[in-house]
Every structure is written in structure tokens, then in C-alpha cells.
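Residues or ranges marked as compositional bias 'Basic and acidic residues' in TrEMBL: 13-28, 589-605. Residues or ranges marked as domain 'Major facilitator superfamily (MFS) profile' by TrEMBL: 58-557. The region 'Disordered' annotation in TrEMBL covers 1-37, 579-605. The transmembrane segment annotation in TrEMBL covers 55-72, 123-142, 148-169, 181-200, 212-232, 252-272, 284-302, 322-344, 356-375, 387-406, 412-431, 534-552.
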Amino acid sequence: MNAAKSKSVTVRVAEKRERGEPKSKYNEPSKGPAPGELADRLGDSHVNILPRKQLVVVLLSISMGMFIAFADQTAVTVGLDEIGRELNSQSTINWAGTSSLLANTVCQVLFGRLSDIVGRKNVFIGSLVVLGIADLACGFAQTGPQFYVFRAFAGIGQGGISSLAMVIMSDVVTLKQRGKYQGILGTSVGIGNSVGPFIMAAFISDNKHWRYFYHVFAPIIIMIAVAIYFLLPGKPKSSCEVLTPLEKLKKIDYLGIITATSALTLILIPLSGGGSTYPWDSPIVISMFIVGGVLLFSFLIIEWKVPELPMIPLRLFLNPSLCLILGSNFFFGMVYYSFLFYIPYYFQIVRGKDEVISSVFLLPIVLTQAGMSTVSGNIISYTGHYIYTVLFGYTFWTLGCGLLLVWDEHTNYGTCVVILLIIGIGIGSTFQPTMVAAQAQAKKADRAVVISTRNVLRSFGGAVGIAIASTMISNSLLKEIGTIESDPSTYSDIPQSYLDELKENIFSKIDVSYLNADQASEIRHIYMSSIQNYFYLLVPFIAVCLISSFFIRDRGLQCLDETPEDQIHKEALSVRTSRTDFSTDVESNNDHEGARGEPREVHQV
């Protein structure tokens, strides 16, 4: 009896800790807690381990948000040609992707800590509303710059949705079960990535009405936001407020936000336009890089010295394994996002396929990613280890990127599909497992800032990757066209007027209908050469991720500040919530305890 009673008391203490209840009440006057203590209290106040039925509702809610965000993000990839032509912005239409990822990256910096301060649900729903309004505005854009600005706001919404979905899931399930449930979220990402391009392609194929995509998507997003408002629970009722509303406003790291957003913007803009819009040695490009670099250094100093609640706590990078995981996510983003943008480009430009068929060739990647996200998540939850899944994934991904080098303008479509399947396996085995690994290398209260930091680096890598790919493809193509112009007789006497048109519309679908067979073959070849130069970059970038994974210490599925005993307590709470949900007999037998406001005992784990 004494042993059972002792275990029951221990579990009740763990339960209070999981709900965010402190040893003393939070609503007592503050005596000036240390910064680390305040960050821990804010993070812990959101913990709310849910029973299974309620967990399913939460999972469905945030999966809807993830699906719509990633569908919106990838849909634009197959519409670039038509959008650029209608807005008379063919030479700059790559900014539709770069601006979205730039804004996504910049605002990812604040989502994690902001959700600690003002609440997960508020930030999540706010991000959905921003995305809905931005999509509506995209449908009414009249110029290229207008469209890029609206896509930037859409990127802000997408970033908030993807970050907060992961953070919310980390609040409501234990780390041991997190791989399984976040694998399901990864499936919604894969499905969104696959469905989005098809929806856009369907609208474009039907009388070229790409605007209707945004007119239809905007109200759907707002309806999802309303549904999530009612379905998604807020902070646990038993959790006391750590800060008053005024204190919350004062704790926001405004200086860090300003320096980070300014630095990232000034670095990414010249990176995207250098060599095409402006020469690399032009004063504007050089000055932007210098000022951006100074601001980035200033941001690091500010985060180290100034705020009580920094957007990105630099202490995270003192852990070698966590530093490797976060750093490799930068290269992950470089390959992943640029890949989603330029695989359809290959099939449209080099192979001459329409938007619908180009979207079909994304399916081997995104559907395999969706399936492997679920499989890898369950493997991690079952084995209690993540490193083998990550190594397996990066190995396949590196192999797939290496095989891309065999692609040319005549590669068999079956070969293309097999290579894309290999890459999809690699992506699905690393997309969510790396996040579980990152959380296992940090404290429980840091889970939100760890997720946001990971997403910042991944999105920043994506913006850099798309910018590098765009610059490399455009510069390489301009060089090839210059070679043709210098000796037209060697290249089947391609008309100069046609070459001038290509230089003005680098990222638009080419029309070879009025060229002869030899001329058309030459044009497709120079485009293929430009894309292949980009493929060469993918291999070393993803190889960095693979090599760094060998140096990551697999600590199992417990956070840094958890002991094995803490993990047992969390499993006990999970058992208790499941029993509360499904065992009405047990519930009725313990009604007298519930009436006193005491938690029921769990006598075995």
C-alpha cells in the first residue's frame, strides 16, 4: 500500500509539472526571476498532455492548416510561366518564390518565442488569417512587384502555420510519442505539396485563370481558421498566467526582430538579383551584403546580451549535436525548396510538358515523402532512437541527388520516376525525424524556440537555395546564348530575334514550334546545360547533411533536463489520460476524488 501510495504521489507531482503548475503559484507577485527561469516557466505553462480523443481532434485541426499552407506554397511553382506572362514580369518571376521564402524565413525568427508569450492558438490562427488575406490580394495583383509583395505576406502566414503546428503537437504529446504524431503531420505536408500544383494546373489549363486559384483558396483558408478556433484547445485551465498582458508586450525582443529581419532581407535581395538584375560588383549589391552582414553580427550580439527572452537563444548552439542538427537543416532547405521549384521547370522547359504533366512528376517525391514520414515516425516511437532513420534518409537523398546528374533532355521517364522516388524516401525519412532529434537535444521549455530556430534555418536555406539556383540557371543560360550569338552558324543559325526573346523571358516556357528540329534541339540543350549546373550543386549540399549526421549523439527520446524517471512519469500521465478517455468504469469509481479536485491515482505504469 505504501509503495502504491508513494508512486501515486509521484505521478501526481509529475502531472502538475506537465500541466505547467509550479511549486508556488505563478499569479503571486514576481520577485524578478532569472531570465532562464522565466523562459522555462513560459515554456512549461503550455504543456497540456491530452487524452486520445481530444488529441485526434487537435491533430486533424493542425493537419488541415499544414495541408493548406504547403499546398499554397507549392502551387505557384507550376504557375510561374503564366503568371509572369500576364503580369509582364517573365524575367523576375522567380521572385514569387524567393519573396515568399524570404518573408517566411524572416518571421520564423519570432514565431517560437512569440507563441511562448501570447499563446500558441493565437499565433496559429493569426497566421492562417494572414495567409488567407494575402492569397486574396494575390488574386487581384496587377503587376509583378505587387504579386511578390503579396506572396511575401503569404510566406509569413505559411511560416507561422508550419512552426506552430509542430510546437502545438510538442505541447500535447510526450517526446516518445512525438515522432509518430509528427510523422502524420509530415504526411499532411506531403499531400499538400502534391495537391497544390494540381489545383493550380487545373485552373491554368481552364482558360488560363490562375487568379481563380487564389480567389478560391482565400475563403477556404479563412473557414479553416474559424474551424480551428473552435476545435483547438487553448492553454490548460489549470495553468496560471506567468505574465500580465502588459508584461508580455514588454518581454518581446523588438530589437532582435528589427535587426534580424533587416539583416536577412539585405542579404537575400542581392543574392537573388546578383548577376542578373545587377552585376555582382555593383555598388548596390556590395553595400547590401556589407550592411546585411553587419546587422546579422549585431543581431547575434543582441541575442547574447540584451533580451530577457531572446528570439533565438544562442546557448542552443553550445550543444554540439543540436548545433549539427540545426546547421544541417540550412542545407536541407537549400536542396528541398529549390528542388520543388525547379523540377517542374525541367519538365516544362526542357521536356516541353504542360503544367498538369509537370505536376504529375512531383508525385513520386511528395507522396513517397508523405508515406515515409508516417513510417519513420512510427519507427522512432517504437525503437526510441532517431539517428538510424536520419542516416538512412540522408543516404537515400544523397544517392538520388547524385543520380540526377544522368538526366538530360532525352532521359527515359521511367528512370526519372525511380530517381524521384529515391529522393522522396530520403526527404520523408528526414523531414520530421530531424525535428524530433533537435527537441531531444534541448530542454523541455525550449521546444518552441528550437522548432522555430530549426525552421528559420531551413527556410533561410530554402531562400538561399532558390536564389542560387535562379542566379546560376539564368547566368548560365545567358552565357550559352552569348556563345550562340558569337557564332550562329555553328548552332543551326538560330534567329537573333528568338535569342533576344529568350534573354527577356528566361523562366518562361519556351516555344520551339517555329524552329526546325536541329534548332529546337540546340535550344533544349542549352536549357538542360543550365539546369544541370544546378544539379551539380545539390550533391555536396545534401552530403553535408549526411556527413554531419554521423557526429550526432542519439540521446533517445528524452529532453536534456529529463531523467529516465521523468520519462516514466510522462508515460504514466499518457496512460492516465487514455484511461480517462476510454474507461468510464474507472472514471465512475474515482468520482469522489474528482469532486475534491484531486487527480486520480495511477497504480501501475
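Indices start at 1 and increase along the chain as displayed.
Just so you know, glycine gets a Cβ as well, placed from its N, Cα and C.
Segment contact holds for the transmembrane segment (252-272) and the transmembrane segment (284-302), given three or more CB pairs below 8 angstroms at sequence separation of 6 or more.
Averaged across the domain 'Major facilitator superfamily (MFS) profile' (58-557), pLDDT for the predicted model comes to 85.
When Cβ-Cβ distances below 8 Å are used as the criterion, the transmembrane segment (55-72) is approached by residues 124, 128, 131, 135, 154, 157-158, 161-162, 164-165, 168-169, 172-173, 181, 184-185, 188-189, 191-193, 195-196, 199, 217, 220-221, 224, 227-228, 231-233 of the same chain, each at least six residues removed from its ends. Contact between the transmembrane segment (212-232) and the transmembrane segment (322-344) is not supported, since fewer than 3 Cβ pairs fall under 8 Å when only residues 6 or more apart in sequence are counted. Most Cβ pairs under 8 Å with the transmembrane segment (322-344) belong to 534-552, among the candidate stretches 148-169, 284-302, 534-552. The list of residues near the transmembrane segment (284-302) in space but at least 6 beyond its ends in sequence, with Cβ under 8 angstroms from a Cβ of it, reads 253, 255-256, 259-260, 262-267, 269-270, 273-274, 278, 310, 314.
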